[in-house]
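Student: Handing you a structure now.
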Number of protein chains: 4
Amino acid sequence: MNVIDLRRDFHRYPELGFTEFRTASKVVEVLEGLGFYVLYGEDAIDSNSRRGVPTKRELDEAYARAIKCGANLEIIEKMKGGNTAVVGELKGKKEGPTVAFRFDMDALPIHESNDEDHYPHAEEFSSEFSGNMHACAHDGHTAMGLLLAERLADREFAGTLKLIFQPAEEGGRGGYAMSQKGIVDDVDFLFCSHLGLDLPLGEVHGGNSKFLASSKMKAYFYGVPSHAGGTPEKGRNALLGAATALLNIHAIPRFSGGTTRVNVGILEGGTAANIIASEASMVIDVRSDRAEIKDELEERVKSIVEHCALMHGLTSKIDIIGEATTIQPDLELVSVVLEEAKQIDGFTSFKEDCDISLGSEDASFLIKRVQDRGGKGTYMNIGSPLPAPHHHHKFDIDEAVLPLAVQLLVRIGKRMLT
Amino acid sequence: MNVIDLRRDFHRYPELGFTEFRTASKVVEVLEGLGFYVLYGEDAIDSNSRRGVPTKRELDEAYARAIKCGANLEIIEKMKGGNTAVVGELKGKKEGPTVAFRFDMDALPIHESNDEDHYPHAEEFSSEFSGNMHACAHDGHTAMGLLLAERLADREFAGTLKLIFQPAEEGGRGGYAMSQKGIVDDVDFLFCSHLGLDLPLGEVHGGNSKFLASSKMKAYFYGVPSHAGGTPEKGRNALLGAATALLNIHAIPRFSGGTTRVNVGILEGGTAANIIASEASMVIDVRSDRAEIKDELEERVKSIVEHCALMHGLTSKIDIIGEATTIQPDLELVSVVLEEAKQIDGFTSFKEDCDISLGSEDASFLIKRVQDRGGKGTYMNIGSPLPAPHHHHKFDIDEAVLPLAVQLLVRIGKRMLT
Amino acid sequence: MNVIDLRRDFHRYPELGFTEFRTASKVVEVLEGLGFYVLYGEDAIDSNSRRGVPTKRELDEAYARAIKCGANLEIIEKMKGGNTAVVGELKGKKEGPTVAFRFDMDALPIHESNDEDHYPHAEEFSSEFSGNMHACAHDGHTAMGLLLAERLADREFAGTLKLIFQPAEEGGRGGYAMSQKGIVDDVDFLFCSHLGLDLPLGEVHGGNSKFLASSKMKAYFYGVPSHAGGTPEKGRNALLGAATALLNIHAIPRFSGGTTRVNVGILEGGTAANIIASEASMVIDVRSDRAEIKDELEERVKSIVEHCALMHGLTSKIDIIGEATTIQPDLELVSVVLEEAKQIDGFTSFKEDCDISLGSEDASFLIKRVQDRGGKGTYMNIGSPLPAPHHHHKFDIDEAVLPLAVQLLVRIGKRMLT
Amino acid sequence: MNVIDLRRDFHRYPELGFTEFRTASKVVEVLEGLGFYVLYGEDAIDSNSRRGVPTKRELDEAYARAIKCGANLEIIEKMKGGNTAVVGELKGKKEGPTVAFRFDMDALPIHESNDEDHYPHAEEFSSEFSGNMHACAHDGHTAMGLLLAERLADREFAGTLKLIFQPAEEGGRGGYAMSQKGIVDDVDFLFCSHLGLDLPLGEVHGGNSKFLASSKMKAYFYGVPSHAGGTPEKGRNALLGAATALLNIHAIPRFSGGTTRVNVGILEGGTAANIIASEASMVIDVRSDRAEIKDELEERVKSIVEHCALMHGLTSKIDIIGEATTIQPDLELVSVVLEEAKQIDGFTSFKEDCDISLGSEDASFLIKRVQDRGGKGTYMNIGSPLPAPHHHHKFDIDEAVLPLAVQLLVRIGKRMLT
């Protein structure tokens, strides 16, 4: 296997969160081919804990498309409904710790550029799934994971290697559900990583403590329609409830103990000028650099939604559609990463942490689960310069980072599995 | 007794709702002097059902002032706490129906004009209680009631005459509490009346169906103070709750079945720029020409207040501080009023009902109580031209209406008590 | 021509407001065939005064569809862009007044029922344009208008007959624009009419004064997007402006001089949880039984929208997308209608006005234009029982009303054209 | 003079901002007695630039009270209207730089404790002006300033000593106005200081960069009253405008570039339940650790207030009633402070800056003015343990700090004036 070819293959077939049927099918095939014991479908993820699952129609269309593009029917049959998580396990020849690496597989709903200066287009591996695009390097992550599997497939190590291929990282939708399935409960050391960040090629951060805890929610208001001219008093106005909630959510106070962010990003409701709106919904994002503040923001949003509904005789519900927590990298693993990186030609700049907030990351739930059970974890950044920012339709990585990253993971694996 | 002298005496000593100690004391003395059986204090009103009772300090000051101005100590001792209602009963020499007349006694918090063209000032009977004024003719009403008592004191009638002197009509605060005491439960016919309305002298309306049901509420929001710069998240902001409630109360829908009115007339809260406000209150007025719509408006206000508080972690309470319902005059009594009026020189214009809304009137609760028990009631208007509107600091009635009105009530009493 | 056949033909091809290409083409053909002088396209309507014009795509699709279903290419070429109004004029053999009749032609965006008990379905003339339906009797109106044309085509009358076929009555979008074109400026008497209303067959109302003036508006708020986590202060939040406007529009006060209705029926804005929403729009409906109050409501809405935008650094615009005014039928014409109806077997119940509000009707602008120039107008109701209400997917009229209605219009025409 | 006696004298007669007639009179007398050239009244402050000036009545009462308590009539005559600033200047025997020290003189509207364990009470120097109290150590500051004057009165220095006695520091009301008068425009070095902060006795901070820029505003909304039952549409509802502004001010976004605080601390409006409120006001506080963000918050508040008024047909105005900016101490002066403190027995702990935010301080405007003209400034903290926090009714300082502080200022003065 060649990591660049693999990356280009995944790039060509970008699949949104929980529809990574083709991607996950490939992953399963490779891992099984290498002798891994592979869990997937509902064996790898707690289906009910998933956030923001696509509609049945979206799932079905992606499923059919995956089949056309080479997914293994027998495998994806078990992933129906979007349980596209994969966990591969390989026992070494000796006893030892369980060391896990986590990779995310999903793409974004972005139309990829077809400008001549966009490398994937010029090299003819740009997206064949119009409207979707790997614009956050998860194609590279998945490829790295498979190369790591290949390089350790000889089982010349002590302990157990666990490779976690996670769906639906974007929006914070899959990590929590994999953690809830217990798939990291036996893990002693967990390494997560991200490529890119517009860092210089050769720069590595052993940890990243700057992710914000976040929660994305969708709130629904249900009222009673009525003709606004004829009998306005018989309506129960969902838009009054929703508009009031929007204002009051934005008025949630600042917190002295940490940074906070609050936003109602979408509000929709009503059907006609002269009908009292009987349904409305809004999508809300709250964040903080402290997990407990994020939790309090979430509680305040829930209370506002509930009572804004009740005050107008409405019912309401609120779903968590995405979530992430903070990450506190274990310094021991941070050191391991940096020490191993220093052994590799091509890595030239080494930092323990990064300076800037990278948004949110739901590998945080996997790391937290490991740490809560006494294990250790970290999240490393492996730099690549970028022609355009993450999530941009001209995003791309410098493919030279891929073999470097594989080397780093292999070294970490071999060192820890002793 | 002379009705004009009496009216001027009451005009000189205007007492606000539930502080009519001197007025009520006079009424009790006169009625007892005429041989009436008189109930007063808690015997005449259900103390706990009163709305908008003044503060203890206000009550005490008015009490002390009343003593200085001639109130009978022994009598007002029983009225302490503001139970200033009086009911006088006189049995005729024969059996017969119970016929009641109701008069209101309270004044308004208005500084009476001392312009030369203001008749009470020119004639030197203007208010001696600075800041209070009889600007709604209740001085005349009370005087009429006592003259009626005198003219029927010979007991030359069949049945029972009942004279009801009500405190705190302004704001709708005393009528409900007297009705709750049961003082009209034995009444067969109840006549209520109002002077003035800027109708021509000599015009009488046998009934008045135009009063709006109304409810005045005071809502309180209780939160937690906190330094707005230091720890804003520790506060629970009463002003956020109150402002949200204000907007949503004003957004209560129109009703297809009747006229509605909604107003938050006062909002107050907070102590300093940099403190999260921990207390706020608002005063709310809802009205409708249909009592059941008024009730629904009241319920909607309560729900909005409760949930606007809860959404911000506040507690709340809401008090009814004034109330009135609608009046449906019984046509039989309307006819009686008009027939008797036609027998009196000076009455020249006769209508069954009036055209315009007069606001609200809490005699409505007494009439409703009588009607609910099978009796009949009406509310008559006895016209007087006015130099300035009701509740104006230059309001006055043409005193010529007073002897006419007394004649009318006496004729009605004699006719019904047969 | 047979009125029932014609009605069924129009029923089969229901076209939404400003897309009545096939319908209007038929009307032009018939009127020209009968010798009328026919104005259509921009000769019959002030294109720029139209409200709520469909998108170019909608217009183009409807245009193409009309061609397939028999529209006359040469005729509808002149109606491109949705100028689907038609006015036919016929001079009698003698001088005399100008007498106009107005008919509306548009259908509704409703899926017609295909239940067996739905008469148009059972008789096989239900809609062939899926999603559109004649659910307000305009198919009948148009058919009546053509029969009237035929019956008076012999020109045996004095004066000028003017037949107005209006597009886009639903939502109040076409009437104003025809009035602005001046097409009724020479009219002495204008008769408008509606079938149905669930009145008994045989009932006629000579006038209808109960329509509410109404205005439908669409408001747009334009801000600046920004990442809600990264740089919230750089955004200008369109949803904050829109939600604030929604609450304050609903808080517009009641009016003492007339009935009011205010509703924000639709609110939509934003693109993602973590993006400050840069665009939002809302659809608003205001109504009153007094045109000047409707105008003031409209002004208040505009002021609220403008300033809610400005307070958050947004721009805004507001379009009138539908409008109607009140109708005061001239009693002289009301009498004419009733007198003529009484001459026709089948009409059995006669009223000058109707009791209930029928919503809004933009023939009001045509009647007002005539009256403003010294002419007279009325709006008559011609009863038919209904299996389901107006705008319901099982709406239908009793076709027996059609020949009766034609007779009535013919008699009115002949009487007035003398 | 004894610094403790002086402090107790000032403590006994606490005067609120802009009413420090007695205090300032004493200061003038002492400074003039020592040979200083003294500016006061409108010579020392730009009267029109003052924020939150008391009412005429408050000024007059305080003025009369000051006379009774020993103020010099001739002096305070010049301070009428609350121009209670004093600046004393003393030229040394040689040429040299201008070195200024600033002291604040005002007290707080707090009822001082009369508990036995409250030292000023036990020692019988507690407030004689009921309701006012020196609860922020300004009594000590003023005393320190006079001792410094005495100790340098021999003019054995090079350059000019300038002593600034500022009124109305609380609420940020006097500092800006003194800076606008230009009284520090010739200053080369400006030293400001605060006692207390519950630091250990003996701790000194050479600078304090943690003050927040802040702005306190009072917003007024003016509408039109109307009877809420009779003619609600004729009112222009000031409370609707104010409540909408309150919500939207609280919804001002977080800023990525700095800490922000926003609070509406007081809202008041309306007169009666059934009157559309025609007046409302609110008091608003905004803060940031960056002056330019504070300015933007202020602009956003102004825009919200203006447009919330306009949307409901109201007028509005907004006054700045208090203001402070940030302080960036010059490291050169920070070093001077610490070096001199180290020479004094009793100072034992030395820091360049403090850790915590101390709220806001309007000496910031004086320091900024000096720095903008090329001079240098700092704000030092001189520690004293506290029995109760600043602004508490049992606040007190350990008087042992006073002679230490005087020594420090004297040393700084002598060092700089060379």
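Yeah, the Cβs are placed from backbone N, Cα and C, and that goes for glycine too.
Because TrEMBL annotations are produced automatically, they should be read as predictions rather than curated entries.
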Student: Which one of B:Glu95, B:Glu170, B:Glu233, B:Glu352 goes with B:Cys136, B:His138, B:His194, B:His391 at the Mn(2+) site, as TrEMBL has it?
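Tutor: Checking B:Glu95, B:Glu170, B:Glu233, B:Glu352 against TrEMBL: the Mn(2+) site match is B:Glu170.
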Student: Within 8 Å of the Cβ centroid of the Mn(2+) site residues B:Cys136, B:His138, B:Glu170, B:His194, B:His391, which other residues of the same chain have their Cβ?
Tutor: B:Asp104, B:Asp106, B:Leu108, B:His134, B:Ala135, B:Ala137, B:Glu169, B:His390
Student: When you measure from the Cβ of B:His391 (Mn(2+) binding site), which residues in the chain that are at least 6 apart have a Cβ under 8 Å away?
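Tutor: Those within reach of B:His391 (Mn(2+) binding site), by Cβ under 8 Å and sequence separation of 6 or more, are B:Leu108, B:Ile110, B:Ala135, B:Cys136.
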Student: List those binding-site residues among B:Cys136, B:His138, B:Glu170, B:His194, B:His391 whose Cβ lies under 8 Å from any Cβ of chain C, in sequence order, or write 'none' if there are none.
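Tutor: The binding-site residues close to chain C: there are none.
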Student: Can you tell which of the binding-site residues (B:Cys136, B:His138, B:Glu170, B:His194) has the fewest other C-beta atoms within 10 angstroms of its C-beta?
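Tutor: Each of the binding-site residues B:Cys136, B:His138, B:Glu170, B:His194 was scored; lowest Cβ tally within 10 Å is B:Glu170.
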Student: Translate the DSSP assignment of B:Cys136 (Mn(2+) binding site) into the three-state scheme.
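Tutor: It is coil.
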Student: What is the three-state DSSP composition of the domain 'Peptidase M20 dimerisation' (B:216-307), stated as helix, strand and coil residue counts?
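Tutor: Grouping H, G, I as helix and E, B as strand yields 33 helix, 31 strand, 28 coil.
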Student: Based on DSSP, name the secondary structure state of B:His391 (Mn(2+) binding site): helix, strand or coil.
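Tutor: B:His391 (Mn(2+) binding site) sits in coil per DSSP, no helix or strand.
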Student: Under DSSP, is B:His194 (Mn(2+) binding site) part of a helix or a strand, or is it coil?
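Tutor: Its secondary structure by DSSP: strand.
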